[in-house]
Amino acid sequence: MAPVPSSTYSAITLNINGEKHALSVDHRTTLLDALRERLDLTGTKKGCDQGQCGACTVLLDGRRAVSCLQLAVAAEGREITTIEGVAEGERLHPVQQAFLDLDGYQCGYCTPGQICSAIAVIEEHAAGWPSAATDDVRPEAGPPPLTPEEIRERMSGNLCRCGAYVSIVQAVARAAAVEARTAGNDTAETAENAEAAA
Ligand code: FES
Ligand code: FES
């Protein structure tokens, strides 16, 4: 029987991958545990459980977040996207396809977090957000070239115990190029160069 809302439990509704899920949670329940243990959305992985490995990365309102440091009650009202929700039906997301085509994984444990993170990285870059690897951070400079260094820096919160980093950087670069071409964006060529240089 579901626990009754009290000073330690709340009834919440989480909007995950476009579907609403009603559940009652202890206020201390992390979003990661709610996804995995309560809703059987086990694609999101638990690595360190303390915000250091990125395995639990999901998208909250389109921005990446480590779900092990997010309380489920605080995620109410947000649009949560997990790895189960990034494909469109049978059509993989370009980032998923690139990871598959370029072997951007070995054991695959870190991969859902890497993919969710990469989806947001490509959007952050296209929107002109600088990173610690960006030389010219003036807003008028626009998006910096998407070099392997830029990708490594932007993906540095996602660790891979298998060390598949070279393929991961290539996969992010390829997906960025595909998305830039689809959007008619002139950063496609630099993204292709980053794949070759990774
Ligand atoms: S499990 Fe969340 S960052 Fe490692
Ligand atoms: S593929 Fe095994 S941890 Fe990254």
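Cβ atoms are placed via backbone N, Cα and C, with glycine included.
Under the heading domain '2Fe-2S ferredoxin-type', TrEMBL lists 10-86. DSSP labels the residues of the domain '2Fe-2S ferredoxin-type' (10-86) in these numbers: 18 helix, 28 strand, 31 coil.
Sequence-distant contacts of the region 'Disordered' (130-150) (same chain, at least 6 residues past either end, Cβ-Cβ under 8 Å): 169, 173, 176, 187, 190-191, 193-194, 197-198. Look at TrEMBL and you will find 130-150 tagged as region 'Disordered'.
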### Query
DSSP helix, strand and coil counts for the region 'Disordered' (130-150)?
6 helix, 0 strand, 15 coil
